[in-house]
Structure formats: C-alpha cells, structure tokens
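Annotated in TrEMBL:
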BINDING   E35, D78, L80, D81, D208  Mg(2+) binding site
Amino acid sequence: QTGANDLQTKADRLVQMSICASLARKFPKVTIIGEEELSTDEVNEELIEDGHCEEILKKPCPAQYSGIKEEELVIWVDPLDGTKEYTEGLLDHVTVLIGIAYGGKAIAGVINQPYYNYEAGANAALGRTIWGVLGIGAFGFQLTEAPAGKHIVVTTRSHSSALVNDCISALNPDTVIRVGGAGNKIIQLIEGKASAYVFASPGCKKWDTCAPEAILHAVGGKITDMHGNSFQYNKEVKHMNSAGVLATLRNYDYYASRIPNTVKQSLVP
C-alpha cells in the first residue's frame, strides 16, 4: 500500500509547493494554509508560476473588495483533492482547490480539474479551470439545474459510515452518486448532475470547502454544516469541518429540514 501513498504524497507536495511558493512570492503578506506540511527549503524555480490570466484581469473588482489589504486575505489550498481516487486511477474525481477568504468568508475560488476529459480520446483538450468571485460570478463551466422534482444526492465514495448512510436514507433520495473529492461534488451540483451534496461526517477540512463554497455562492447556491452554520475561514479557525457538509445549488431548505436530529446530535460543530 505504501506505493500508492508515496505517489500521492509526492504529487500532493509538489503541487502544494508550486502553488504556495508562487503565491507567497507575488503576495508576501497573505496567509496561506495548505493541507500538506511542507519543509521550508528553497523551492525549485521550475515550480514557480509567475503568469496571470488576462481575461480575469479585465473583470471589474467588486466594490466591496476594492479596499482589501493583502494581509487581510487567507488562502486555503488543497493540492490534490480526491487523493484516494487519484491513486486508484479515477482521474476525473481529482481537483486542485485554491480558496480565498476575507473576514472569515470564502469570497473567491479556483477548482482545477487537471484530468478533465481524460477519457475523451487523444484529440480532446485535457483539463479545465473553474473559477468564481462573489459579486462577479463563476466561469469555466455551463451552469445547469438538476432535474426538477428529482432528489439526487452526491456523497463520499471512500469515507462512508453508518451515520453517512443513515442521513442519506432519511432524505429518501431517488439516486445516490458516490464520488471522491469535495471539489468534484460541488461540480456535480453546478453542472446539474446532483441536487444535494450531503456528508454527515467530520472528515472534511477547510481547504476542501473554501474554493468550492465561493464558486457555489457566486451562482446562488448554499453550503453549511449539518446544523445550518456557515463555515468560517479566518486563519485562527480549526481546520476540520467537524459538523459535516450540506450543499445545494437550489432548494437548500428542502434538504436541511430533513436532516435527522440523531445526525445533528452526533456531529458537534
């Protein structure tokens, strides 16, 4: 088993090193919190990305963010979300997540799917980047509503438990989709493949939800813990989302009202 784990950690570390070092060089005053513990050794210059996207710079900065100071931002980085699926070759589950928080709230996010289209043949463009900013919108995908009247729940593939399954049963879904990665699950919502993302377990972390939350909120969706509390992303906050995750693009109240009290009592914020 160590083979797969070594592979995963190397990929995780290199990606995080690249993202964090590149951001820190350009924005030295921001706080960057990543999933991996990294050594403070000099970073190989090949890992530094210093380009930027002209298309994004053409967008106007939302007025509420025009006065932000660099040191007030916290960036949450998950270099490889869906690690278990990555090691098993389920490459479409894998995302790279970069979330930006201000005042404890997720305000912007990037979900990169490096292997998007990997099964579509040699001529297909591999990979895509979905990004969003509150007050501007979200881009890089086609916003689609889930089928009306259908309750399609997306949940964990590799972190199931009795509590997770009891919670889903209580929602009486038409279909349950099990996939890896929090980023991938939010993509299921915004592309209309699922109507709710339900995870009644403490396993998810702030770097899993920050970027997806910003993108979901930018298109009018909602994400909370199982008690309906919103997530806080200031740098002092604990990393674990210990009261689970409930997210929808539409009809949040329908799902929230059906979460059993036994589930809520088991998950302490």
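Cβ atoms here come from the backbone N, Cα and C positions, even for glycine.
Nobody curates TrEMBL annotations by hand; they come from automatic prediction.
On the structure: features taken from TrEMBL.
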| residue | record | Cβ neighbours (10 Å) |
| --- | --- | --- |
| E35 | Mg(2+) binding site | 22 |
| D78 | Mg(2+) binding site | 31 |
| L80 | Mg(2+) binding site | 24 |
| D81 | Mg(2+) binding site | 27 |
| D208 | Mg(2+) binding site | 27 |
Study note, to complete from the structure: Surrounding the recorded Mg(2+) site, with Cβ no more than 8 Å from the Cβ centroid of E35, D78, L80, D81, D208 and those residues left out, we find D12, V77, P79, G82, T83, T95, V96, L97, G181, A182, G183, K205, W207
